[in-house]
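The active site annotation in TrEMBL covers LYS11, ASP138. The domain 'GHMP kinase N-terminal' annotation in TrEMBL covers 68-146. The ATP binding site annotation in TrEMBL covers PRO96, VAL97, ALA98, GLY99, GLY100, MET101, ALA102, GLY103, GLY104, SER105, ALA106. Residues or ranges marked as domain 'GHMP kinase C-terminal' in TrEMBL: 212-288.
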Amino acid sequence: MSAVTVRVPAKVNVQLSVGGRRPDGFHDLATVFLAVGLYDHVTAAPAEGLRITAAGRDVDRVPLDGTNLAARAAVALAKRYGVEPDVHLHIDKDIPVAGGMAGGSADAAGALVACDALWGLGAPREELLALCAELGSDVPFSLAGGAALGTGRGEILTPLEVGGEFHWVFAVAEGGLSTPEVYRECDRLRRADGGSDLASDLPAPGADAALVAALREGSAAGLASALSNDLQAASVALRPALADTLATGLAAGALAALVSGSGPTCAFLAPSAGAATTLAAAFPAAYPALSPAPGATLL
Ligand code: C5P
């Protein structure tokens, strides 16, 4: 069997409603994932043992050992099917590392699909999705792509209809933010406000009907007025410069701005492709991307 390559998209959470902290440490979510056309490529080639290499953006911050989520994905798949995890995984990165765009999750989903093909396992999609959910809250969506409501800790997906293309610009910050730290800061801010951060005290979050309708209608104006991210205050508290980044994008013509997931990448919704180009030029490192984008795809 020769090498196979899988293309996997980044995501932005156009709604990220965070409920309370559960006894298992995760937070109940109602999140609307939207896959965007910014991709990592994962190539699986025959090898003896498991080896990882990486190239592309932020490559010095990609771990090349067993802690890499793509390596963990290959090992989990091999174990599930009783085969040896013999593979050379090469990850070509375009998705920012630790940027709140599910880059690590994308690589895990890509590795699963690539190893499944390389090893000729023919794993059913439900099996791959179950393995994805074990690997991380965002990994099932990286496999699925398109748009979906994520509930539970984000891993339970309900596909959503998208009635048109949306133009985005992603402003990449230097250095990542740790997702667990951002959730901890969100909890701390809730307690500092005199509230509770516990799932037993807070109502379960739900999907925003206006946002779901805007996606279905392909309405950029509707989506712009409905964007929300409950982690944004925590990300900005940990990285105050993000407030300036968000303001810069709005001044440069964005319909709306928000932190992507746990940050620090900031997402700007643009009214057109031309406006997206102008917006991107307002930042030292910003990339236009279209949504929706397909999920993990064997090339
Ligand atoms: O599932 P994943 O490994 O991506 O989650 C990383 C971390 O983010 C978790 O260990 C947890 O601290 C936090 N998290 C959370 N609630 C979620 C998803 C993630 O608290 N729903």
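Positions of Cβ are set from backbone N, Cα and C atoms, glycine also.
TrEMBL annotations: computationally assigned, not manually curated.
Using a 10 Å Cα-Cα cut-off from LYS11 (active site), the binding-site residues that qualify among ALA98, ALA102, ALA106 are ALA102, ALA106. Counting other CB atoms no more than 10 Å from each candidate's CB, the binding-site residues PRO96, GLY100, GLY104 peak at GLY100. Residues ALA10, ILE95, GLY176, GLY261, THR265 surround the recorded ATP site, their Cβ atoms falling within 8 Å of the Cβ centroid of PRO96, VAL97, ALA98, GLY99, GLY100, MET101, ALA102, GLY103, GLY104, SER105, ALA106, which are themselves excluded. Helix, strand and coil counts under DSSP for the domain 'GHMP kinase N-terminal' (68-146) come to 46 helix, 8 strand, 25 coil. It is 7 Å from the Cα atom of ALA102 (ATP binding site) to that of ASP138 (active site). Under a cutoff of 8 A between CB atoms, and with a sequence separation of 6+ in the same chain, the neighbours of ALA106 (ATP binding site) are VAL8, PRO9, ALA10, LYS11, TYR39, ASP40, ILE95, SER142, ALA296. Within the same chain, residues at least six positions away from ASP138 (active site) with a Cβ under 8 Å of its Cβ are LYS11, PHE33, ALA102, SER105, GLY154, GLY261. Neighbour counts of Cβ atoms within 10 Å were compared across the binding-site residues ALA98, ALA102; the minimum falls on ALA98. LYS11 (active site) is surrounded by 31 other CB atoms, counting those within 10 A of its CB over all protein chains shown.
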